[in-house]
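Step one of this worksheet: look at the structure below.
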Amino acid sequence: MKTLLLTLVVVTIVCLDLGDGLICYVDSKTSRTCPPGENVCFTETWCDARCSLLGKRVDLGCAATCPTAKPGVDITCCSTDKCNPFPTQKHR
């Protein structure tokens, strides 16, 4: 009986460990499991010289902490699987 209980505890711990990786989008169609220690998905958008023609530039990915916003850069962060989809661009 003790062996069965110990086996169940070990299996539970192993199963919980395997499901820890956060899944974030890294481009408009691709997502990946973040490496250990990176528990935040981010979306970073900004305008460059081609913004009026092509829309805002977009970076997606995983991070350990939410990146610090810089002037002219919008950043959103979240911590659930696939919570950072590629933003829809407004056509001009």
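Glycine too: its Cβ is placed from the backbone N, Cα and C atoms.
Remember, it's a predicted structure, so these values are computed and weren't measured experimentally.
Cβ neighbour count for C24 (disulfide bond): 28 (other Cβ atoms within 10 Å of its Cβ, all protein chains included). Annotation source Swiss-Prot lists disulfide bond at C24-C41 (among others).
Feature annotation from Swiss-Prot assigns disulfide bond to C34-C62 (among others); the stated evidence is similarity to another entry. Neighbour count (other Cβ atoms within 10 Å of the Cβ, all protein chains): 21 for C34 (disulfide bond). Classification of C34 (disulfide bond) by DSSP places it in coil, neither helical nor stranded.
Listed in sequence order, K56, R57, G72 are the same-chain residues six or more apart from C47 (disulfide bond) with CB atoms under 8 A from its CB. Residues or ranges marked as disulfide bond by Swiss-Prot on the basis of similarity to another entry: C47-C51 (among others).
Among the features that Swiss-Prot reports, disulfide bond is placed at C66-C77 (among others). Sequence-distant neighbours of C77 (disulfide bond) (same chain, 6+ apart, CB under 8 A from its CB) are V40, C41, F42, T43, A63, C66, P67.
Within 10 Å of the C-beta of C78 (disulfide bond) there are 15 other C-beta atoms, taking all protein chains into account. DSSP classifies C78 (disulfide bond) as strand under the three-state reduction. Sequence annotations record features per position, and here Swiss-Prot assigns disulfide bond to C78-C83 (among others) based on similarity to another entry.
According to Swiss-Prot, the feature signal peptide maps to 1-21.
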Disulfide-bonded residues clustered about C34 (disulfide bond) [Cα within 10 Å; pool: C24, C51, C78, C83]: C24
Name the secondary structure element type, per DSSP in three states, that contains C62 (disulfide bond). strand
Highest Cβ count within 10 Å among the disulfide-bonded residues C41, C62, C83: which residue is it? C41
